[in-house]
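TrEMBL has this to say about the protein:
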| type | residues | note |
| --- | --- | --- |
| DOMAIN | 8-90 | domain 'PTS EIIB type-1' |
| ACT_SITE | CYS30 | active site, phosphocysteine intermediate |
| DOMAIN | 101-466 | domain 'PTS EIIC type-1' |
| TRANSMEM | 106-128 | transmembrane segment |
| TRANSMEM | 140-163 | transmembrane segment |
| TRANSMEM | 170-189 | transmembrane segment |
| TRANSMEM | 209-233 | transmembrane segment |
| TRANSMEM | 253-275 | transmembrane segment |
| TRANSMEM | 295-317 | transmembrane segment |
| TRANSMEM | 329-352 | transmembrane segment |
| TRANSMEM | 364-385 | transmembrane segment |
| TRANSMEM | 392-413 | transmembrane segment |
| TRANSMEM | 433-456 | transmembrane segment |
| COMPBIAS | 467-480 | compositional bias 'Low complexity' |
| REGION | 467-490 | region 'Disordered' |
| COMPBIAS | 481-490 | compositional bias 'Gly residues' |
| DOMAIN | 519-621 | domain 'PTS EIIA type-1' |
Amino acid sequence: MATASKYQTIADDVLRGVGGADNVASVTHCATRLRFRLRDRDAADKAAVEATPGVITVVEAGGQFQVVIGNTVNNVFEAISTRGVTTESAASGGFLARAIDLITSIFTPFLWVLAGTGLLKALLAVVVKVSPDWAASGSYAILFSAADAIFQFLPILLAITAAKRFKANVYVSVAIACALLYSATIAVIPGADGATLTLDGFAAGGGELTFFGIPVVMMSYLSAVIPTILAVYAQSHLERLLTKVLPDSLRNFLSPMIVVAVIVPLTFLAIGPVSDLVGRGLSSGVNWLWELSPAAGGAIMGALWQVFVIFGVHWGLTPVMLQDIVSQGYSTLTGPLFAAVLAQAGATAAVFLKTRNRDLKGVAGPATISAFLAGITEPAIYGVTLRLKKPFIYACIGGAVGGAIAAAGGSAAEGFVLPGAITLTSTMNIGNFTLQLIGTGVAVVIAFVLTLVLGFKDLPNPPAASGAPAGDAAEASDAGGASGASGTGGAGGTATLTRLLDVRTPVAGQAVPLTAVPDAVFSSGALGAGAAVVPTDGRVVAPVDAEVVSVLPHAYGLRTATGVELLVHIGIDTVQMAGTGFAPAVTAGTQVRAGDLLADVDLDAVRAAGHDTSTVVVVTGGAAAADVVPAAEGHVAAGDTLLRVTA
């Protein structure tokens, strides 16, 4: 009872600090934090909350007032839930935040498929440039169909993800999307010459298409983005109404029939034409501004694109780009992005050459390769350039200059691709490809040279244990043998270290210091000492023999037989994914051995959702008098020693 009372006291003190229960729009929690959405931020007293016994620190990020509790967060959360506070995850924030959240949830599940098929189209473009006759072959036709089909039938994918977002019947949503595509692909209506035509073809040929006497303004729904999303949104509301009015015995078959019979004609009559005008208006408006000064637009995109990515604002431009691609085959917004992305690779490469910090060099090398070749910049940004600040600014400068050059030539990518060296070929056929190459190259060179010449404040190498170099410290620790043995280090053997625990690496990848993690709660050490891994594999295993004491899809609390408590946290702010992309293999109470599977993670889904994939291991309790010493740098395999806990 005393324990429950302690958590209730913490909960009440925190609630008072955030302005009372009435000021809480909603609260949820992850592995270590209470995440408040407050109605009035000014009513909260951050200092008072931080001073509350049981609170580690307070972080404000992403529109949330995050109170870091640690391992007992679930107990405090349960205590808060008894005070009449809304503990459901609720949509909140301003219009822009809600819009970005909506777009992200709909597009991210299939974003990597779009990127992959876009890359295939780019490679086919290269082959056709080298051998133009091959474009008339059946091989090319089949491969092009494989690459282009997803863009033509995009409404089906949108229907699936939009249905999940709007809580509609996904199969009915797909039926609606198929009906829209049917109008452009299947001949169903006689034309003037007696030939059977598609609805699109009939309207395009001058035929008057009506629905019970109401004229239909026919358009092609191949690749339609906004009409599909709005149709599913309308479907979700109609289904909720039908759930209330239809008897249970008839609902299962009557509801789909009514929804399809209402929403499909409604889309043809109103939703489609209106949303098509809106989509074309957005696209035309952006392109009109772009045409006023392509170089200025390119400079802005090149300079700020990675800033947009960090704050998630780039999702607001995704529908505009897709609208351009499906309507004209390319988007001029994409040309400068190659300069923006590859400039980060250039700055990271310079850091790799210039830094004397072993951990930073170990991160910078692989990060340069992934950013340069594949356009995956998370390791470069969060592990290197943004962490050092100046290289990130130098890369933005390079991106601005290179983006202006590329945009001045009217360059654009055909299809949806991740900007990288291997996808540059997607810009061969639109605008001036030479200026695209020059602009991209200039961006890389500027970022590289500025970083190399003007420099940055380098990170010191971590201090060696027992006064020895880091490598010697590790060797001295190993001299003790197994966990619990003793080792002697320093001159004359005056210092004795007792090995309490070896913590293994939970996932293959690049080991990075905790200070490199783009989350102040972890990087500051507020939750405890530890290390992180930027993973290359989605298989996450237990780092020690332990009992699993808490399970969230993205975070796992462990307790060893000696009472040492650890947290394995997969990704940054991945609680927002609500389990999507995570497949836990354990439950609370499970006994695991080091190397046993904790979870399978779809790293592509995490990246596509805009989250850093860094997997953090921290010692959160049970080793208060111990030293937690990082024992790995550079590439690590699952099972390698990551940390040594000594006393």
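The backbone N, Cα and C atoms fix where each Cβ goes, and this holds for glycine too.
In TrEMBL, annotation is done automatically, which means it is predicted and not curated.
Around CYS30 (active site, phosphocysteine intermediate), the same-chain residues at least 6 positions away in sequence with a Cβ under 8 Å from its Cβ are VAL73, LEU552, HIS554, ALA555, VAL575.
Listed by sequence, the residues of this chain that lie at least six past the ends of the transmembrane segment (329-352) yet keep a Cβ under 8 A from its Cβ atoms are 286-287, 290, 294, 297-299, 301-303, 305-306, 317, 320-322, 360-361, 364-365, 367-368, 371-372, 375, 377, 380-381, 384-385, 388, 391-392, 394-396, 398-399, 401-407, 409-415, 417, 419-421, 423-424, 427, 430-431, 436, 439-440, 442-452, 456. Broken down with DSSP, the domain 'PTS EIIB type-1' (8-90) shows 30 helix, 22 strand, 31 coil.
Per DSSP, the domain 'PTS EIIA type-1' (519-621) is made up of 14 helix, 44 strand, 45 coil. Long-range neighbours of the transmembrane segment (392-413) within the same chain, counting only residues 6 or more positions beyond its ends whose Cβ lies under 8 Å from a Cβ of the stretch, are 118, 122, 290, 294-307, 330-344, 346-347, 381, 385-386, 419, 423, 426-427, 430-436, 438-448, 450-451, 454.
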